[in-house]
Amino acid sequence: MNPSSSPSQSTANVKFVLLISGVAALGGFLFGFDTAVINGAVAALQKHFQTDSLLTGLSVSLALLGSALGAFGAGPIADRHGRIKTMILAAVLFTLSSIGSGLPFTIWDFIFWRVLGGIGVGAASVIAPAYIAEVSPAHLRGRLGSLQQLAIVSGIFIALLSNWFIALMAGGSAQNPWLFGAAAWRWMFWTELIPALLYGVCAFLIPESPRYLVAQGQGEKAAAILWKVEGGDVPSRIEEIQATVSLDHKPRFSDLLSRRGGLLPIVWIGMGLSALQQFVGINVIFYYSSVLWRSVGFTEEKSLLITVITGFINILTTLVAIAFVDKFGRKPLLLMGSIGMTITLGILSVVFGGATVVNGQPTLTGAAGIIALVTANLYVFSFGFSWGPIVWVLLGEMFNNKIRAAALSVAAGVQWIANFIISTTFPPLLDTVGLGPAYGLYATSAAISIFFIWFFVKETKGKTLEQM
C-alpha cells in the first residue's frame with residue numbers, strides 16, 4: 001500500500017465526519033431507547049391487559065428475537081439497496097412501533113408492535129457501525145465507532161429518565177386518563193416518536209457510504225464523498241477500495257464461507273465477540289437491577305433511581321473509551337475490561353453466595369451490602385470502557401469491504417440471540433440456584449473472554465479498512 005494515499009489527520013474533515021457519524025449513531029440511540037422504554041411500562045401493561053408474568057415477559061423476549069431477525073436481514077438489504085435506505089427503513093419501523101405500542105387493543109397486537117420495533121433495533125445495530133466505519137478516517141475510526149455505544153447507553157438513560165418523569169407527572173405509569181385522555185404508559189412509547197422522526201429526516205441529508213458506492217460502480221460519487229471526508233490522494237484511495245470489493249457479483253452471504261465450506265475464521269471471531277459481550281451478563285444488571293438493589297436494602301423507588309444513576313455511569317465510562325481507543329488500541333482496553341469484569345463478577349458471586357434469603361429474596365446486611373453496591377458499579381465501569389463500545393468498533397471495522405455488511409449482520413444477530421438467552425435464563429437461575437452461582441457463570445464468561453481476546457483478536461488501531 002502507498003502510505004501517501006492514507007488520509008492524514010490534517011486533511012480529514014473532522015466536523016463533517018462527526019456530523020454524519022452522529023446521524024448514523026441516532027440509530028444506536030433508538031436501539032437503546034426502544035429496548036429500555038418498556039421497563040417503565042411493564043407493571044401498567046400487566047394491569048391493563050390482566051396478563052400473567054409469562055405473557056408479559058413474552059412482550060420483552062420476543063422483541064429481542066425480532067432484533068435478531070432485523071440484524072440478519074439488514075446486511076443483505078444494506079448491500080442491495082444501500083446504507084442510507086436501510087437507515088430510513090429502520091426509522092420507519094421505529095416510528096410505526098412507537099405509535100402502535102401506545103395504541104394496542106390486546107396484548108398480542110402489543111407484542112406485534114414490539115417485535116416490529118425489535119426488527120428496527122436489529123437493523124440499526126448493523127447499519128450504524130458499518131456506516132460509521134466506512135466514512136471514518138483511520139485515525140478517528142475508533143472514537144467515531146464508539147459513538148454507537150455512547151448513543152445506545154444515552155438512549156437507555158433517556159428512556160429511563162423519561163419513564164420516571166412521565167410516571168412522576170402522572171402519578172404512576174398506570175394512571176388513566178392522563179395527558180389528552182391517554183394513560184401515562186402510552187406516552188412512554190409515544191415519546192420515541194421524536195428521535196425516530198429525527199433519525200429518518202436526517203438520514204435523507206447525509207451521503208451514502210463511499211465503499212458501497214464503489215461496489216456499485218459509482219466511483220465518481222464515491223470520490224466526491226471521500227474528498228469531503230478524508231481529503232488526500234482520493235484516486236489512490238478509490239483504487240484501493242476497488243481492489244477489496246466484489247465487482248464480479250453483488251455481495252452475498254456465501255461470501256462468508258471459506259473454500260472448505262465453513263464460515264471464515266474472522267466471522268467466527270465476530271460471532272464470539274458478540275456472544276461474549278452478552279454472556280458477561282451486562283443486561284442482567286440493567287434488566288433486573290431492582291432485585292440487586294432491594295437485596296441491599298433500598299426501597300423500590302430508590303432502586304429505580306439507582307438504576308438511572310448506573311445508566312449515567314455507563315455513559316461516562318463510554319466517554320473514557322472514546323478518549324483512549326485510538327490512543328491505546330482496541331485489544332488493551334478489551335483485556336483490561338475483561339480482567340475487571342472477572343474480578344468484580346467473582347466478588348459479586350461470593351457476596352451473594354453468602355446472602356440470606358428472606359421471602360424468596362437474597363438479603364445482604366452490613367459491609368456485604370456496601371461491597372455489592374460498589375462492586376456492581378465497578379463492574380459497569382469495567383464493561384463501559386471496554387466491551388460495551390469496543391465490540392461495536394471492531395465489528396464495524398474488522399471485516400473486509402466484500403463481506404462487511406453480511407458478516408456484521410450475522411455477528412449482530414448472534415448478539416441478539418445471546419441477549420435473549422441471558423435475559424430469559426436469569427429469572428429461572430435466580431429461582432433455582434440463586435444470585436451467587438448466576439454471577440459465577442457470568443464471571444466464568446468474563447474469564448474466557450480474556451483468553452479469547454489474547455489469542456484470537458488482532459489489533460486494528462490505525463489501519464485503513466482496506467488493510468483488514
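First residue shown is number 1, and so on along the chain.
Backbone N, Cα and C define each Cβ position, glycine as well.
What Swiss-Prot lists as topological domain 'Cytoplasmic' is 1-17 (among others).
Residues or ranges marked as topological domain 'Extracellular' in Swiss-Prot: 39-58 (among others).
Look at Swiss-Prot and you will find 79-84 (among others) tagged as topological domain 'Cytoplasmic'. Non-local neighbours of the topological domain 'Cytoplasmic' (79-84) in the same chain are 127, 130-131, 134, 203-204, 206-209, 212, 215-216, 250-252, 405-406; each lies 6+ residues outside the stretch with a CB under 8 Å from one of its CB atoms.
For 106-114 (among others), the entry in Swiss-Prot reads topological domain 'Extracellular', with the evidence type sequence analysis. Only residues 6 or more beyond the boundaries of the topological domain 'Extracellular' (106-114), in the same chain, are considered here, and those with a CB under 8 A from a CB of the stretch are 38, 45, 49, 51, 55-56, 58-60, 62-63, 66, 96-97, 100.
For the topological domain 'Cytoplasmic' (136-149), the model gives a mean pLDDT of 91. Taken from Swiss-Prot, the feature topological domain 'Cytoplasmic' covers 136-149 (among others), and the record attributes it to sequence analysis.
Residues annotated as topological domain 'Extracellular' in Swiss-Prot, with sequence analysis given as evidence: 171-186 (among others).
DSSP assignment over the topological domain 'Cytoplasmic' (208-265) gives 31 helix, 2 strand, 25 coil. The feature topological domain 'Cytoplasmic' is assigned by Swiss-Prot to 208-265 (among others), with sequence analysis given as support.
The topological domain 'Extracellular' annotation in Swiss-Prot covers 287-307 (among others) and rests on sequence analysis.
Annotated topological domain 'Extracellular' per Swiss-Prot: 353-366 (among others), in sequence order.
Residues or ranges marked as topological domain 'Cytoplasmic' in Swiss-Prot: 388-412 (among others). Remote same-chain partners of the topological domain 'Cytoplasmic' (388-412), defined as residues 6 or more beyond its termini with a Cβ less than 8 Å from a stretch Cβ, comprise 71-76, 78-79, 122, 125-126, 129-130, 132-134, 141-142, 145-146, 148-150, 152-153, 211, 215, 241, 244-246, 251-253, 255-256, 264, 266-267, 269-271, 273-274, 277, 282, 314, 317-318, 321-322, 325, 330, 333-334, 337, 457-458, 460, 463, 465-466, 468.
Sorting the topological domain 'Cytoplasmic' (458-468) by DSSP state (H, G, I as helix; E, B as strand; all else coil) yields 3 helix, 0 strand, 8 coil. Sequence annotations record features per position, and here Swiss-Prot assigns topological domain 'Cytoplasmic' to 458-468 (among others) based on sequence analysis.
Taken from Swiss-Prot, the feature transmembrane segment covers 18-38 (among others), and the record attributes it to sequence analysis.
According to Swiss-Prot, the transmembrane segment annotation covers 59-78 (among others), on the basis of sequence analysis.
With a threshold of 8 Å between CB atoms, the same-chain residues lying at least 6 positions outside the transmembrane segment (85-105) that come near it are 24, 27, 30, 34, 70, 74, 77-78, 112-114, 116-117, 119-121, 123-124, 126-127, 131, 182, 186-193, 195-197, 199-200, 203-204. Per Swiss-Prot, transmembrane segment is recorded for 85-105 (among others), and the stated evidence type is sequence analysis.
Per Swiss-Prot, transmembrane segment is recorded for 115-135 (among others).
Here Swiss-Prot flags 150-170 (among others) as transmembrane segment, drawing on sequence analysis.
Remark: the transmembrane segment (308-328) contacts the transmembrane segment (150-170), by the rule of 3 or more CB pairs under 8 A. For the transmembrane segment (59-78), the partner stretch with the most Cβ pairs below 8 Å, chosen from 150-170, 413-433, 437-457, is 413-433. Residue counts for the topological domain 'Cytoplasmic' (388-412) under DSSP, split into helix (H, G, I), strand (E, B) and coil, are 19 helix, 0 strand, 6 coil.
Beyond its flanks by at least six residues, the transmembrane segment (367-387) meets 153, 276-277, 280, 282, 285, 292-293, 295-297, 310, 313-314, 316-318, 320-321, 324, 333-334, 336-341, 344-345, 347-348, 351-352, 354-355, 449 of its own chain at Cβ-Cβ distances under 8 Å. Remote same-chain partners of the topological domain 'Cytoplasmic' (458-468), defined as residues 6 or more beyond its termini with a Cβ less than 8 Å from a stretch Cβ, comprise 1, 6, 133-134, 138-139, 142, 211, 240-241, 243-244, 325-326, 329-331, 394, 397-401, 404.
Nonlocal intrachain contacts for the transmembrane segment (187-207), taken as residues 6+ away from its ends with a CB within less than 8 angstroms of a stretch CB, comprise 19-20, 23-24, 26-27, 29-30, 33-34, 37, 40-41, 84, 87-88, 90-92, 94-95, 97-99, 101-102, 135, 155, 162-163, 166, 170, 173, 178-179, 225, 228.
Sequence-remote contacts of a segment are chain residues at least 6 beyond its ends whose Cβ falls under 8 Å from one of its Cβ atoms, and for the transmembrane segment (332-352) they are 280-281, 295, 321, 324-325, 362, 364, 368, 371-372, 375-376, 378-379, 381-383, 385-387, 390-391, 434-440, 442-443, 446-447, 449-450, 453-454, 457.
Residue counts for the topological domain 'Cytoplasmic' (79-84) under DSSP, helix first, then strand, then coil, are 5 helix, 0 strand, 1 coil.
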